[in-house]
Amino acid sequence: MKGEGAGGSGPKFNMYFKTEDLAVGYSGKALIENINIGVEKGKILCLLGPNGSGKSTILKSITRHLNKIAGTVFIDQEDMSHFSSVETAKKLSVVLTDKVAPELMTCGEVVATGRYPYTNHFGKLTEQDNRIVAESMEAVKVLDLMEQEFIRLSDGQKQRVLLARAICQRPEIIVLDEPTSYLDIRHKIELLGILRNMAVEQNVTVILSLHEVDLAAKLADQIILVKDNHVYGYGCPEDILDDEVIKDLYGIEHGSFNMLLGSVELPKTGDMEPQVFVFGGDGYGTLCYRALNKRGISFATGVLYHNDVDYQVAKSLASQTIVEKSFRPVSEFVYEQARKALQKCEVVIDSGFDLEGENNRNRMLLEMARHANKPILSLRKETKHETGSVEYFNDIGALINSDRLKFGSANGHKRKQRRSLAASI
Amino acid sequence: MKKSNLGKIARYQLVCIFLLIGLVAAVVFSINSGTVHMSVKDIFDIIVLRANEGSVESNVIWKIRLPRLLAAAILGGGLSVAGYLLQTFFRNPIAGPYVLGISSGSKMFVGFTMIVLMHYVKTIPAGIIVLAAFVGALVSMAFVMAAARKVTDMSMLLVVGVMIGYICSAITDFFINFAQENEIANLTNWSLGSFSGIGWSDIRVMSIVIFSSLFAVMMLSKPIGAYQLGEGYAKSMGINIKLFRLLLVLFSSLLAATVTAFAGPIAFVGIAVPQIAKMLMNTSKPIIIIPTTFLTGAVFCTFSDLLARTMFAPTELTISTVTAFFGAPFVIWLLLKKKK
């Protein structure tokens with residue numbers, strides 16, 4: 001367990017929003033207990049966890065859509081259960097996952113419902129209310145949709161209008177339950193950007209749940225990890241999130257998530273001795289690794305420096321990665337490792353790494369391969385000397401379809417055998 | 001924005017004027033049609049100047065046509081608002097007191113009460129009938145709400161409502177089988193739905209119930225508006241959801257029950273009219289739509305009653321025959337539109 005998790009010491013006293021021994025669940029039965037989390041004013045708190053882990057249950061209990069089972073929720077040192085529903089509405093607004101389909105309501109009218117706690121008995125909007133509605137819509141860039149009918153909008157626009165509605169309520173805290181579901185990448189970025197700005201500029205506290213680990217790490221000040229109905233970790237994302245925690249949190253057995261790059265690699269497909277040796281480096285290798293992985297071709301790669309982007313991907317996908325520590329010449333030992341790996345492989349891929357340098361071991365290895373007459377598939381753009389075993393390709397699409405990379409039925413057969421074995425186990 | 005607001009207000013006013021003209025036209029036509037023919041001047045004299053008091057013409061106008069006309073307008077409006085509340089409650093544009101079996105529940109309780117009480121008293125007070133209808137409406141409503149928890153699909157809810165309606169009708173028919181003959185004549189006539197035979201004392205009772213309910217519903221227009229975004233959002237704005245839902249159930253049942261108590265079950269008005277009102281106004285703002293729905297319902301029912309009386313005179317059609325003729329195709333169209 002990382003950070004201040006379940007049962008650990010609670011969050012600091014000066015937290016603007018915090019929970020003390022909160023227990024949440026349905027119909028009187030606690031699902032998650034001992035939730036001690038908090039966030040300062042104007043900061044972003046994000047709940048991460050797999051589907052069905054209880055993120056929504058926690059959020060709904062905070063927003064009072066569910067009755068909490070035990071414990072206390074504080075806003076600005078005050079017990080939330082002392083607030084009336086209208087007082088709560090003035091302090092806390094929400095963006096829910098509920099599908100909203102109001103007939104014949106314009107976006108302006110939807111946003112204006114956010115003024116509900118402030119307007120008179122008939123909900124008459126004053127000049128000031130109208131101004132706040134317009135400001136809120138401007139803040140999420142939907143002012144031009146004012147007169148449009150809400151149900152005709154795209155999902156991205158709808159979500160923004162609903163966020164404008166939440167902003168319009170002029171809350172201290174906004175709670176959003178998976179606001180980025182159904183949004184394409186551009187709208188995700190824009191929406192989270194707006195939340196960031198709100199937190200920084202208007203000092204609004206944001207509590208949200210997200211599915212995207214990479215975005216959460218970049219957005220949130222505090223992160224709660226929820227798994228199997230318990231709080232699995234709590235703290236700064238920079239401190240508590242790493243590849244292993246993510247794998248464990250989501251129960252990823254195959255494939256991997258790279259926290260540093262924020263990228264996903266699908267499960268490694270080649271499960272045999274490497275047949276291809278890829279010369280990577282400077283990020284040239286990554287695309288080759290992924291292309292090979294899609295075809296189920298096992299490969300070794302090297303010599304990579306530890307700080308190379310290619311290394312981050314290679315460690316997920318390659319059968320063997322030959323790596324040297326950063327900022328030093330390749331040692332004899334590593335060189336020897338690479339030479340052996342290269343010899344065992346049937347085909348070599350030259351991704352077009354940097355050939356410069358007196359003692360460039362990779363260049364030496366590549367020359368060695370050429371002398372050994374290994375088939376070399378090269379993506380190199382410059383210095384094309386047509387020697388027997390080198391084949392040049394303009395792009396990876398062509399390279400990956402090369403006959404050299406078709407390792408015949410023996411390959412498929414072996415894999416089939418292995419699969420049936422696996423199935424019988 | 002200012003300009004479009006003015007446009008909207010102009011539209012609201014225009015539609016209102018249009019509906020009022022419609023209502024006046026319906027009133028004029030209705031008063032002027034029937035087996036006893038009178039000139040417009042005679043009618044004017046009778047109503048405004050109270051001329052010829054005691055004459056056949058005066059009696060026809062004052063004792064038959066006027067109360068019937070007023071009843072059609074008031075009950076039509078009340079029924080439409082009941083439909084509007086049910087559509088809000090179930091968040092379902094094809095909900096209404098008739099299709100959800102609520103009118104039939106009222107009918108069953110009123111029928112039962114009438115048969116039992118007729119043995120003891122000659123005429124049953126209107127208040128008692130309204131009360132029986134209200135209880136019946138709440139019983140049906142309870143069943144529909146229980147079903148609504150299980151089924152999320154709005155067409156399924158309709159099927160459940162229609163079934164409840166059939167059960168109630170079956171039970172009502174069962175009572176009628178055991179009733180005495182003079183009772184049957186009364187009951188069957190009423191249970192088919194008609195605005196005939198309504199007197200001024202009835203008008204007073206229905207006015208009190210329906211107009212006070214209408215006023216209360218208008219007072220609820222702010223939470224109704226917020227409720228259109230769904231229960232979750234409504235709650236987050238500070239609405240007491242439990243109380244609000246209870247009020248919706250009570251007022252929709254009370255309105256539907258009052259209509260059924262006086263005129264029997266009337267088909268499709270509750271579904272169609274609120275939708276027509278929204279289309280006319282091109283908005284769903286409750287503060288606009290509630291009065292528009294009432295007015296549209298009043299116009300719709302007075303015209304329907306006019307047709308029911310005059311189309312095959314002297315034979316009178318039941319009011320549902322006419323309202324269903326116009327309402328049912330409209331509902332089919334609504335269903336098809338939703339599927340798109």
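Keep in mind that glycine also has a Cβ here, set from the backbone N, Cα and C atoms.
Taken verbatim from TrEMBL:
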- B:12-31: transmembrane segment (TRANSMEM)
- B:69-86: transmembrane segment (TRANSMEM)
- B:98-118: transmembrane segment (TRANSMEM)
- B:124-144: transmembrane segment (TRANSMEM)
- B:156-178: transmembrane segment (TRANSMEM)
- B:198-220: transmembrane segment (TRANSMEM)
- B:243-268: transmembrane segment (TRANSMEM)
- B:288-308: transmembrane segment (TRANSMEM)
- B:317-336: transmembrane segment (TRANSMEM)
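When each of the listed stretches B:98-118, B:156-178, B:288-308, B:317-336 is scored by C-beta pairs under 8 angstroms to the transmembrane segment (B:69-86), B:288-308 comes out highest. Of the two recorded stretches, the transmembrane segment (B:156-178) does not lie close to the transmembrane segment (B:243-268), with fewer than three CB pairs under 8 Å once pairs fewer than 6 apart in sequence are set aside. Remote same-chain residues near the transmembrane segment (B:98-118) are listed as 86, 124, 128-129, 132-141, 143-144, 157-158, 160-169, 171-172, 175-176, 178-180, 183, 186-187, 190-191, 252-253, 256-257, 259-261, 264-271, 331 (criterion: CB distance under 8 Å, separation of at least six residues from the stretch ends). Taking every recorded stretch in B:12-31, B:198-220, B:288-308 and counting its Cβ pairs under 8 Å to the transmembrane segment (B:243-268), the highest total belongs to B:198-220. Beyond its flanks by at least six residues, the transmembrane segment (B:12-31) meets 40, 43, 47, 61, 65-66, 68-69, 72-73, 280-281, 288, 292, 295-296, 298-299, 302-303, 305-306, 309 of its own chain at Cβ-Cβ distances under 8 Å.
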